[in-house]
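Asker: Sharing the feature lines straight out of Swiss-Prot:
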type: BINDING; residues: Arg21, Glu78, Lys118, Lys452; note: (6S)-5-formyl-5,6,7,8-tetrahydrofolate binding site
type: BINDING; residues: 224-229, 243-249, 268-271; note: GTP binding site
type: BINDING; residues: Asn224, Thr243, Ile245, Thr248; note: K(+) binding site
type: BINDING; residues: Ser228, Thr249; note: Mg(2+) binding site
type: DOMAIN; residues: 214-375; note: domain 'TrmE-type G'
Amino acid sequence: MKETIVAQATAPGRGGIGILRVSGPLATEVAQAILGKCPKPRMADYLPFKDADGTILDQGIALYFKSPNSFTGEDVLELQGHGGQVVLDLLLKRILQIDGIRLARPGEFSEQAFLNDKLDLAQAEAIADLIDATSEQAARSALKSLQGEFSKKVNELVDSVIYLRTYVEASIDFPDEEIDFLADGKIEANLRGIINQLENVRSEAKQGSILREGMKVVIAGRPNAGKSSLLNALAGREAAIVTDIAGTTRDVLREHIHIDGMPLHIIDTAGLRDATDEVERIGISRAWTEIEQADRIILMLDSSDPESADLSKVRSEFLAKLPSTLPVTIVRNKIDLNGEQASESEEGGYQIISLSAQTHDGVKLLREHLKQAMGFQTGIEGGFLARRRHLDALEKAAEHLQIGLVQLTEFHAGELLAEELRLVQSYLSEITGQFTSDDLLGNIFSSFCIGK
């Protein structure tokens, strides 16, 4: 027999309304014990909530949803009372006294909904993403994922792959047919169509991933180059202390900002130099740790100091120490001191933004550059939120499609193409949970709130 679970569905603490949710075969028994009756399905009933001895603990609205017409697909009872934590704890304690009822694990209601085919895995993840959204655009995109926009695109890809697999395997199973299915051009055309279709989904998923997770941008450079001033300019407030004393910033400072809906984690670091002060040396060590973990580096140069702004010197002292795959934007700061105009240029393969963090002249150029460099497009309609695991699955599927194309066009190997298509189908199906390990499910749902 399936277990019956209970948890507080609203956030802990004081509030106007507090909700307890019960899901499982004993939901009607809980209703009888607490309410004295089971409400009619999907009909709100205003009733007292009673303790075991008949004492009224609270009064409020009771809602009953009969299986399978509920969020979890099981019998569900919701008790909506006052939001005082003491009252809710008393009611929860009373429900847990009933035999066969236990406290729900984090995310267990959503997990039951997934296991009962009420929503797929991408939709279940979207519940947590909607709750955690930090911007209006992220919230709208999470809602679209919850409504199945992302899953629909993935399922369309899976259907296309299954159709092509069937066609390829038919050509393998009937080799004596006069028509050479592998050579008639239809399979290659379909395969290239799937590759293009997947590339469109990957592009949209990348934007969705930026919306969900943000991008980590580290501001680095020599002491007194204006790193903290730039952090303040981007944040729109005095987030960091700014002085003329080199080495003022000795630890890592973090700010979370949005540029037209794109979330950025901006990190200001200690100035990079050979320091003798132990505290400053620790700060510089932490700065290099942050640099190695960044999605992009903003390298600050002092344009008023010719030696500091010498790109050839910067290349040997700093750029040569970075991973070759780490994107770098060079910012020439303090143009207000030498009368330069704000501008964007390119030199030695690096984008260079000339600006003044003090007067904010050119800061808008940097904001636009960061948006473009991160591949973020403002105002895209119909977007969805995506997680890192989704991007990984899409990337692996794309790799195996390309391998399959080579097997077809260069080696005419139908069996090997069929195997690559099987792997593509498997990776895509992981996104929606059609092929998913128990460990992955545990990791996903354990990150949810209790009561969700």
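Including glycine, each Cβ sits where the backbone N, Cα and C put it.
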Asker: If you average pLDDT over the domain 'TrmE-type G' (214-375), what do you get?
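Answerer: Averaged over the domain 'TrmE-type G' (214-375), the predicted model reaches a pLDDT of 85.
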Asker: Glu78 ((6S)-5-formyl-5,6,7,8-tetrahydrofolate binding site) has how many other Cβ neighbours within 10 Å of its own Cβ?
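Answerer: Around the Cβ of Glu78 ((6S)-5-formyl-5,6,7,8-tetrahydrofolate binding site), 21 other Cβ atoms lie within 10 Å.
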Asker: By CA distance, which of the binding-site residues (Arg21, Glu78, Lys118, Ala270, Lys452) lies nearest to Ser228 (Mg(2+) binding site)?
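Answerer: It is Ala270, whose Cα lies nearest.
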Asker: When the Cα-Cα distance from Lys227 (GTP binding site) is computed for each of the binding-site residues Arg21, Glu78, Lys118, Lys452, which gives the smallest value?
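Answerer: With Cα distances computed to Lys227 (GTP binding site), the winner among Arg21, Glu78, Lys118, Lys452 is Lys452.
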Asker: Let me make sure I understand the span of the (6S)-5-formyl-5,6,7,8-tetrahydrofolate site: among Arg21, Glu78, Lys118, Lys452, what is the greatest distance between any two Cα atoms, in Å?
Answerer: 18
Asker: In whole Å, how far does the CA atom of Arg21 ((6S)-5-formyl-5,6,7,8-tetrahydrofolate binding site) lie from that of Ala270 (GTP binding site)?
Answerer: 49
Asker: I want the residues beyond Arg21, Glu78, Lys118, Lys452 whose C-beta is within 8 angstroms of the mean position of the (6S)-5-formyl-5,6,7,8-tetrahydrofolate site's C-beta atoms, in chain order.
Answerer: Ala9, Ser23, Ser70, Phe71, Thr72, Val76, Phe109, Ser110, Ala113, Gly451
Asker: When you measure from the Cβ of Ser228 (Mg(2+) binding site), how many other Cβ atoms are you left with inside 10 Å?
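Answerer: Ser228 (Mg(2+) binding site): 24 neighbouring Cβ atoms within 10 Å.
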Asker: Please identify, among the binding-site residues Glu78, Lys118, Lys452, the one with the smallest Cα-Cα distance to Asn224 (GTP binding site).
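Answerer: Ranked by Cα distance from Asn224 (GTP binding site), first place goes to Lys452.
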Asker: Given Lys452 ((6S)-5-formyl-5,6,7,8-tetrahydrofolate binding site) and Ala270 (GTP binding site), what distance in Å do their CA atoms have, once rounded to a whole number?
Answerer: 41
